[in-house]
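Just below is one structure, and these are the notes that go with it.
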Amino acid sequence: MDNLLTLKVAGVIQDLPSNTDLPFKVLISYVTWKKNPKSYNYSYTWDETSSDCQVYIKFPPNVLQSTVEGQMLSFSEKQFNSNNKRTARKRYAVAQPLSTIHFDTSFGGTLGDHVTSRSTLRTLSLIAVLIVVMASINFINLSTAQSVGRSKEVGVRKVLGSSRRQLIGLVMCETAIIVLFSAGLAIGVAEVALPLLKHIASVPESIGLFNAGTMLCLALVIVAVVLLSGIYPAIIVSGFKPVQALKNKINSAAVGGISLRRVLVVTQFAISQLLIIGTAIAVKQMDFVNNADLGFNKEAVLAIPCPADSIGLSRLNSFKQQVLTLQGVKAASFSADAPSSSHNNSSNFYFNHSDKDPGFDVFMKIADADYFKTFGLRFIAGRGYAPGDTARELVINETMVHKLGIKNANDALGKTLTFDSYGNLPMVGVVADFKTNSMREEIKPLVMYPSKQSEQQIAIKIEGPKFAKTVALVQSAWEKKYPEYAYTGFFVDDSIAKFYEQENQLELIYKVFALIAIFISCLGLYGLVSFMAVQRTREVGIRKILGASTGSIVYLFSKEFLVLIVVAFVIGAPVAWYLMNGWLQTFAYRISPGLWVFAAAIATSLLIGWFTVGYKALKAALANPVDSLRNE
């Protein structure tokens, strides 16, 4: 296995589901893996464990979680804290039910590293529900607006003996037919769009529409939409009085008036404002995150995992020297990981020969002396440590200087840090802070040192116009030097982008939802204007006879929607700010939503709404007043 171990197959396990939290292709016993030449990456005593370590314990049935937690507390005191007399800080192992790890992001995710938090799922579900509510509101608005036109039909049915229950059933059946047709159309669109969604959002290939759970959910949604959308129009239509209906005397008061429809449209636009503002803030934050200055050069850095066997390790230095001679290669460095990584290790320490616990741990980053040049790290004091993996020197970051209570970075030079595994090591340099992990976390105090363990990957800085050619030359050099190893190079900026892969995927989904919400709101607004135009036909005719201009008629309708959108903004904007401010708090480095976000949201809504209303209002204003007054 990778020229490290010869293993015998002892068994074959059935393939696990694609959404498993314990994905693997090969299982190797811990005892066997200790023979790995690079087994220092793993923990073999309790003192060596960290938050990255996972131990699975099977308890007998019916064991209470409180009992387990009590046992873990006693265990931690014995294994971690009983022999550690130099610090008052305690370490504890945390017991977590296996059933909760799929949605829990507290402990760094699962072995599959694909945790989705419940809050994200709830957010997506809530948006979907709001979209359905908006669509239902549209149906109610349009149905009640059109019900005036079918008042004679209702009057005839009542005269011929139809009961109110039968009329309610008729309207509900019509609603059900429309919803079922819409559901069928939605399934077709979803089936076509699913491959695109799988590509955009990394949805497993095994996920499909036609399974029992999805179909049951769809059936429940159909029933809910039919009831939500159909019951109010059904009650209104069935309540028409036959005499008024046959004389065409049904007016806005008879169908619930315009007030309810105003409330419904305000609700729609409030939801739209929420989604528009939320999406705008999310886009701005992710743009800030993706383009932030990380404090090091992540661009055009190619990383290649190094072989771990003794033969492969023996060729690494010659490979590095060969790479440095290639055209377009500026620098090369061995390290355990990139400057920003999700695999940072931490350690306790003692400062300047003191036995006093400083009260915090430090990130430990293993890298050779060329690391600083390869990633463009900037020194603010001192120098880098000497070349070679035996140099007993340290480089720290600015945050470490501040945490130690040192005011001037130069004053840190020459002072020592003591580690249980490495002894006393002097600090010879201080680098400017750089992001050691994602933008969700603050920069931690950091110690960098050389070690043989740094030969886990080689980072190659490439520059010049012939970038692709240089990458090909590096790959060719690797394949000649290591024909027995597959080339698995990757770019550092791509690995850093994976920190925010889920957020970037959700950003695109939110944009789509926002566009859908705007479209549905416009349909609802159009429905309201249509209703108003029907109800105020004679009023418009009289105004035109009395000399009202087309512009004044358009304004008559437009001022209604202006007020509605402003009211919706007043309702939706504070909710959006509250929700998005909570989301922004999950980032240590974040934007401050300015007034421009809210101004842009209401301006967009007003502009889109203006065009929506303008068409129908202009049509009503240009209608012949003789036609509207003929029945008088």
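Just so it is clear, glycine is given a Cβ too, placed from its N, Cα and C backbone atoms.
According to TrEMBL, the features are:
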DOMAIN    126-239  domain 'ABC3 transporter permease C-terminal'
DOMAIN    512-622  domain 'ABC3 transporter permease C-terminal'
TRANSMEM  124-142  transmembrane segment
TRANSMEM  167-190  transmembrane segment
TRANSMEM  210-240  transmembrane segment
TRANSMEM  260-283  transmembrane segment
TRANSMEM  508-534  transmembrane segment
TRANSMEM  561-580  transmembrane segment
TRANSMEM  595-613  transmembrane segment
Touch test for the transmembrane segment (561-580) and the transmembrane segment (210-240), at least 3 Cβ pairs under 8 Å:
no
Counting only pairs 6 or more apart in sequence, are there at least 3 Cβ pairs under 8 Å between the transmembrane segment (260-283) and the transmembrane segment (508-534)?
yes
Flag the pair the transmembrane segment (124-142) / the transmembrane segment (508-534) as in contact if three or more Cβ pairs fall under 8 Å (sequence separation 6 or more).
yes
Do any residues, 6 or more residues outside the transmembrane segment (210-240), come within under 8 Å Cβ-to-Cβ of it, and if so which ones?
132-133, 135-136, 139-140, 143-144, 147, 150-151, 154-155, 158, 164-165, 167-168, 170-172, 174-176, 179-180, 183, 187, 250, 254-256
Over the domain 'ABC3 transporter permease C-terminal' (512-622), what is the model's mean pLDDT?
84
If you run through the domain 'ABC3 transporter permease C-terminal' (512-622) with DSSP, how many residues end up as helix, strand and coil?
96 helix, 0 strand, 15 coil
